[in-house]
Amino acid sequence: GIKEADATECILAIKAGEADAITLDGGEIYTAGQHPYDLQPIISEKYGSGSSCYYAVAVVKKDTGFSFKQLRGKKSCHTGIGKTAGWNIPIGTLLTTGQLVWSGQEDLPVESVSTFFSKSCVPGAGGLVGGKLCTLCPSDCSKSATNPYFGYAGAFKCLKDDAGDVAFINHLTVPASEKANYELLCLDGTRAPIDSYKTCNLARVPAHAVVSRVDPELAERIFTALTTVTGFSFFSSAGFGAANLMFKDTTQSLVRLPDGSNSFLYLGAKYMASIQSLKKESDQPITPAIKWCAVGHAEKKKCDSWSSFSVSDGVKSVACQISLTVEGCFQRIMRQEADAMSVDGGQVYTAGKCQLIPAMVEQYNQSLCSSAGTPQATYFAVAVVKKGSGVTWDNLRGKRSCHTGLGRTAGWNIPMGLVHSIHGSCDFGGFFPSGCAPGSEPSSTFCRQCAGSGSGVEDGSKCSASSVEKYYGYAGAFRCLVDGAGDVAFIKHTIVADNSDGQGPAWATALKSSDYQLICPGGVGRAEISDFASCNLAAVPSHAVVTRQDIRDDVVKMLLDQQRKFGIDGSDPLFRIYESKDGNNLLFKDSTKCLKEIPSLTTADAFLGTGYVNAIMSLRQCPETASELEKTCISSSCSTAE
């Protein structure tokens, strides 16, 4: 073991290879994950009832008579500067509730805090604002055990000794024997007993985690070392004259995190937004452009032209970010490098697991655009075959399949959910021996029939989940059937009509829709393409725009404004958001008539509806059906609401 004075020195030692790991609090995990350290969380603490989260709370003595909304001028006890429950959450909350205000560009959060509370003990803040945040600390203001008011137990002691009026700690800090004398301050201005922390807290935050360099083998060795030590009580600090040494004393076990985990996925979108709000210099009134996330170059090209048309009074409403996949975009939105994008329902499900929310929904029926009320939006997932091929739902086993993409609604979740429920098997590769489902592992049988960019060179485009793969998306999956690369295409009900009988891009105009048929699930039924209402796999939720909670209102406002200008009958004829010149369904589905706002605070699951969510959950019983990102978001402690 290597002993350093504080966390930052340990982080540097790990980066340099002089040490391998350290347990950190969320706020420190944020720092460790930033450039130039680039460390990753590898193991998370788990507390009681299998939860790897805890609650940040504001604790006060009973009968002291003030509420969370009356904290100005009080004396405050904190676990340490930059720590989650002790600093980032309470100060971030005071900021977002408007009690604490930045006064100007040069002014830092610590300045505002030092004038907001009359006195404080914030361990580690000795060098800031002339030590004003240390006036309550008894001797030294260090972020270590020599300061009696450091850490959870210390901040509670500061309150107990009557040095402070309020302590910012976690829900497990107050000893059982003392609970009766203390209360929690709730955000709504009321008080509650200490055990009501689930309903009266400032935030639910990720567990402390062990952080190391990015090196899966090292991570495995560390996990083994920590989980095989016997005869030594890791999680108790009793006998060492202090609390929470190495691990929090309330830790019951350790959990290995997926290799793809990193600090922002682990901390989650909400906590990241909290930290970012502490980092910004002042509340600037200028609303910067909303950063749209484009997948691949064709989308980026359309986005760039949207961006240039979105300029009014010299200010852009839309800026563009690019990623190679939808999930890459989700990560950028979570990191605040991008703000929004429109995605398929199956991807809305994943976004929800990563704390993103649906803000607007694509509507495909003009009459719904003018009507008030909750947006109604569904389309039909269908299975298309060539007429005369003899393919029916009953003899699908052994055929070659064309999918819009792995994890997408019409292309994967609905058909594979049906295959799973009818045949009870998770062996999709055994059912369809080869196919094209862009986004699958390159070695998978579901990449065999994909075509890539068609350039004939190994450019990594084959099976990629973006428009560089010729068979990606709705039109791509239909084209895979047309070209004879597959026997059945799982797509949306309008796609054949959109790409035949003179409609669609060059490859499609000469096709006849009458050469294709729908097959109906669970039998030998077949139907004409136009009979989708009676012969479909499911009616499913529309594509939706996903974003972060903290920027939702700005995204909705921008889109409503852009739609007035560039929608179907927008005021500016120079650009149309719902048309794709160099491809299909770029940024939005081409069949979109308008976007409608989804009521605020609607979760991804509520938007998708129980029927569809249950279909996905059933599919998730099969291994390999959840993407790496989704698995990481779910295992990253606090992304799932209790």
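Cβ atoms here come from the backbone N, Cα and C positions, even for glycine.
Database features, via Swiss-Prot:
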type	residues	note
DOMAIN	1-280	domain 'Transferrin-like 1'
BINDING	Asp25, Tyr54, Tyr152, His208	Fe(3+) 1 binding site
DISULFID	Cys77-Cys158	disulfide bond
BINDING	Thr79, Lys83, Ala85, Gly86	hydrogencarbonate 1 binding site
DISULFID	Cys121-Cys137	disulfide bond
DISULFID	Cys186-Cys200	disulfide bond
DOMAIN	290-621	domain 'Transferrin-like 2'
DISULFID	Cys293-Cys329	disulfide bond
DISULFID	Cys303-Cys320	disulfide bond
BINDING	Asp344, Tyr379, Tyr474, His543	Fe(3+) 2 binding site
DISULFID	Cys354-Cys633	disulfide bond
CARBOHYD	Asn365	N-linked glycosylation site
DISULFID	Cys369-Cys594	disulfide bond
DISULFID	Cys402-Cys480	disulfide bond
BINDING	Thr404, Arg408, Ala410, Gly411	hydrogencarbonate 2 binding site
DISULFID	Cys426-Cys622	disulfide bond
DISULFID	Cys436-Cys450	disulfide bond
DISULFID	Cys447-Cys463	disulfide bond
DISULFID	Cys520-Cys535	disulfide bond
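Everything Swiss-Prot records as a feature, shown here on the structure.
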residue: Thr79; record: hydrogencarbonate 1 binding site; Cβ within 10 Å: 33
residue: Gly86; record: hydrogencarbonate 1 binding site; Cβ within 10 Å: 30
residue: Cys121; record: disulfide bond; Cβ within 10 Å: 30
residue: Tyr152; record: Fe(3+) 1 binding site; Cβ within 10 Å: 26
residue: Cys186; record: disulfide bond; Cβ within 10 Å: 18
residue: Cys329; record: disulfide bond; Cβ within 10 Å: 26
residue: Cys354; record: disulfide bond; Cβ within 10 Å: 24
residue: Cys369; record: disulfide bond; Cβ within 10 Å: 18
residue: Thr404; record: hydrogencarbonate 2 binding site; Cβ within 10 Å: 33
residue: Gly411; record: hydrogencarbonate 2 binding site; Cβ within 10 Å: 30
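Excluding Thr79, Lys83, Ala85, Gly86 themselves, the residues of that chain whose CB lies within 8 A of the CB mean position for the hydrogencarbonate 1 site are, in sequence, Asp25, Gly27, Ala56, His78, Gly80, Thr84, Trp87, Asn88, Gly151, Tyr152, Ala155, Phe168, Ile169, Asn170. In this structure, the C-alpha atom of Cys436 (disulfide bond) lies 8 angstrom from that of Thr404 (hydrogencarbonate 2 binding site). For the binding-site residues Tyr54, Tyr379, Tyr474, the greatest number of Cβ atoms within 10 Å around a candidate Cβ is found at Tyr54.
Cα proximity to Cys293 (disulfide bond) (within 10 Å) is found for the following recorded positions from Cys137, Cys200, Cys303, Cys320, His543: Cys303, Cys320. Averaged across the domain 'Transferrin-like 2' (290-621), the predicted model reaches a pLDDT of 92.
Summarising the environment of Cys447 (disulfide bond), the number of other Cβ atoms within 10 Å of its Cβ, over all protein chains shown, is 22. Considering only the recorded positions Ala410, Cys450, Cys480, the residues lying within 10 A of Tyr379 (Fe(3+) 2 binding site) on a C-alpha to C-alpha basis are Ala410.
Neighbour density for Cys320 (disulfide bond): within 10 A of its CB lie 22 other CB atoms from the protein chains shown. Annotation for Lys83 (hydrogencarbonate 1 binding site): same-chain Cβ neighbours under 8 Å, separated by at least 6 residues, are Asp25, Gly26, Gly27, Glu28. In this structure the C-alpha atoms belonging to Cys186 (disulfide bond) and Cys480 (disulfide bond) are separated by 57 Å. The DSSP secondary structure for Ala410 (hydrogencarbonate 2 binding site) is helix. For Cys622 (disulfide bond), the Cβ neighbour count at a 10 Å cut-off comes to 16, with all displayed protein chains included.
Surrounding the centroid of the Cβ atoms of Thr404, Arg408, Ala410, Gly411, where the record places hydrogencarbonate 2, the chain contributes additional residues within 8 Å, namely Asp344, Gly346, Ala381, His403, Gly405, Thr409, Trp412, Asn413, Gly473, Tyr474, Ala477, Phe490, Ile491, Lys492. Under 8 Å, Cβ to Cβ, and six or more positions away along its own chain, Cys520 (disulfide bond) finds Trp393, Arg526, Ala527, Ser534, Cys535, Asn536.
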